[in-house]
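Encoded as structure tokens, the structure appears first; notes follow it.
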Amino acid sequence: MSNLDKNPVQSPAAAVTHPLVKGTVEPGCAKVDPIVIADHVTRQFGGLKAVDVDHLEIPRGQITALIGPNGAGKTTMFNLLTGFDKPNTGTWEFDGKSLAGVPAFKVARSGMVRTFQLTKSLGRLSVLQNMLLGATGQRGEGLFSSLVKPLWRRQEEENTVRADELLARFKLDAKREDYAASLSGGQRKLLEMARALMSKPELIMLDEPMAGVNPALTQSLLGHIKNLKADGTSVLFVEHDMHMVMHISDWVIVMAEGRVVAEGPPETVMKDPAVIDAYLGAHHDTDLGDLMDDGPNPVEVALEAERKAHDAHSEEK
Amino acid sequence: MDWGNIFGNAIGEIISPTTAAYALAAIGLGVHFGYTGLLNFGQAAFLLIGAYAFAIPTLAGAPIIVAVLSAIICSVIFAFILGIPTLRLRADYLAIVTIASAEVVRYVVTTTGLTDFTGAANGLSGFKGTFAAINPIPEGRYGFGPFMYNEYDWWVRIVGWTLVVLASVLVFLLMRSPWGRVVKGIREDEDAVRSLGKNVYSYKMQSLVIGGVMGSVAGIIFILPRAVQPANYTTGLTFFIWTIMLLGGAATIFGPIVGAMIFWVVLSLTQGILYGAIESGALGFMTTTQAGQVRFILVGVALMLLVIFRPQGIFGNKKELSFSV
């Protein structure tokens, strides 16, 4: 949807609409075609309410960014939605199926596959074995059928072909037989994403896919995420780096202190006072320095200079 | 010193039923720890359960097939009792629970209140009849050199090593399959495997049961040449099995077998040499009882050296362990 980039003119008086949204754009607004709908999800750690989301919908077939300052509850929300953590209250459905209280492996089987902030590559398995583990519905994974190779040989070959295609796409084919532990941090991120794709997910949830990845690989990761959307996969990702979010997301959801404080297309949501407040007012998170539009901001200037230096540097390469 | 006798005894350990039993128990532990990453520090409990669950029905007059099934079923139940509360938790909890429950079952069979069933501290004997009765080998002594045994001893060795081979083939078939890939993935990072749609809990339970049944069958082989003695099933036994598994290589097919052979050959050699030296007066300051303990001190030192200098074991892949896990 290229028209997402042209945002409706924002005037404080008029209710803002958007092609993805049913009704007006506001925190917790209903989407035209949601893939995930969550209601009243709360998660309490002692006295701290880490997540307290009244209503949240994630649009289908789009790249949605979940942003927010440190401690906003983004990863906790991720863990809750994917069954890795249990909420105190709340229900949510994925593709019309309720997933509340469903264990993590069943969530993954239903087509909602996640990656982790700290990459979880399986170090002492080869890259190819990592990939094959991602395939679903394998007959050879049953205890008794695993003993009889003819039962699963054909399926294993098909999965290997698919794994090789994905490895080639993520430029990991040269590493096929290496132990995953020998990959660099960025390559592990790629492997984790490729592995998640082995199951042909409807929705892929990436927890900080760009964290700790060098700029060159970041570009390639961004490209892969855009390709996912082109292939019809919905993407939800958590990210700190605002440049990334601006470049690739169709929709941005902002969390702060466990709540959804704003959402909207990337250009407008960055100007939302609630977002600026969440980032700068309460936490002084310098990452969002370029959100300040009025006048040169020292942080912004510094960041911009750094980014230019970075770009120049990577172009030289 | 009678070197011929010392070496003869040591060589004999290579195919002894005790070696077979330890190898089988180590293969089971390899499934737990080497492949699935389950820290089972209670493998001795599976051997104990195999031994008692075989001996008690046999002494009560049950045919051998019933006694063997009883050993297998009891070990499966025990694996579930261990696994249901702990396999959802972090790996360390299983280690604590297994080491404690191994002691619990040992104390249970030793209680005088159960003397009629378990013989308490005296253990059980006189259960070899049903196994000897199905021996197809005619009476007599067979073999050559150090391998001269009567028909019963050969029968125990043949059955024991056949079971070791069968268990190794089973592990080989399992671990080359996608099932093996899942459990190896669990060893590396169970959350990652969970996020890929695998029921981690179920796989861990399957692995615990498979390795536990191997341990309990090992327990049967272990008692066939001797009596059931509760004192044999201390945590020491568990750690010997760990030594054997690490010596050979934790996630290898031949590791546990060769590890068990080396372990027992070395124990026998050191015993022979130490006893010989004491008898000839060369080690006058030590008694033979003390020498028996010294052997195990040497085992401990060997295990430490092994873990420090060759952590992957004899058959292990150096590359696999060169990454910090």
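Placed from the backbone N, Cα and C atoms, the Cβ positions cover glycine too.
The annotation transmembrane segment is assigned in TrEMBL to B:6-31 (among others).
The transmembrane segment annotation in TrEMBL covers B:38-56 (among others).
According to TrEMBL, the feature transmembrane segment maps to B:62-84 (among others). Sequence-distant contacts of the transmembrane segment (B:62-84) (same chain, at least 6 residues past either end, Cβ-Cβ under 8 Å): 42, 45-46, 49-51, 53-56, 94, 97-98, 101, 105, 130-131, 133-134, 204-205, 208-209, 212-213, 215-217, 219-220.
For the transmembrane segment (B:91-109), the list of distant contacts is 37-45, 48-49, 52, 78, 81-83, 85, 118, 120, 230, 233-235, 238: same-chain residues at least six beyond its ends, Cβ to Cβ under 8 Å. Per TrEMBL, transmembrane segment is recorded for B:91-109 (among others).
Annotation comment: TrEMBL describes B:154-175 (among others) as transmembrane segment.
The transmembrane segment annotation in TrEMBL covers B:208-227 (among others).
The transmembrane segment feature in TrEMBL is assigned to B:290-309 (among others).
Long-range neighbours of the transmembrane segment (B:6-31) within the same chain, counting only residues 6 or more positions beyond its ends whose Cβ lies under 8 Å from a Cβ of the stretch, are 40, 43, 46-47, 145-147, 153, 156-157, 160-161, 163-164, 167-168, 171, 174, 207, 210-215, 217-219, 221-222, 224-225, 240-242, 244-245, 248, 250-252, 255-257, 259-261, 263-265, 267-269, 272-273, 276.
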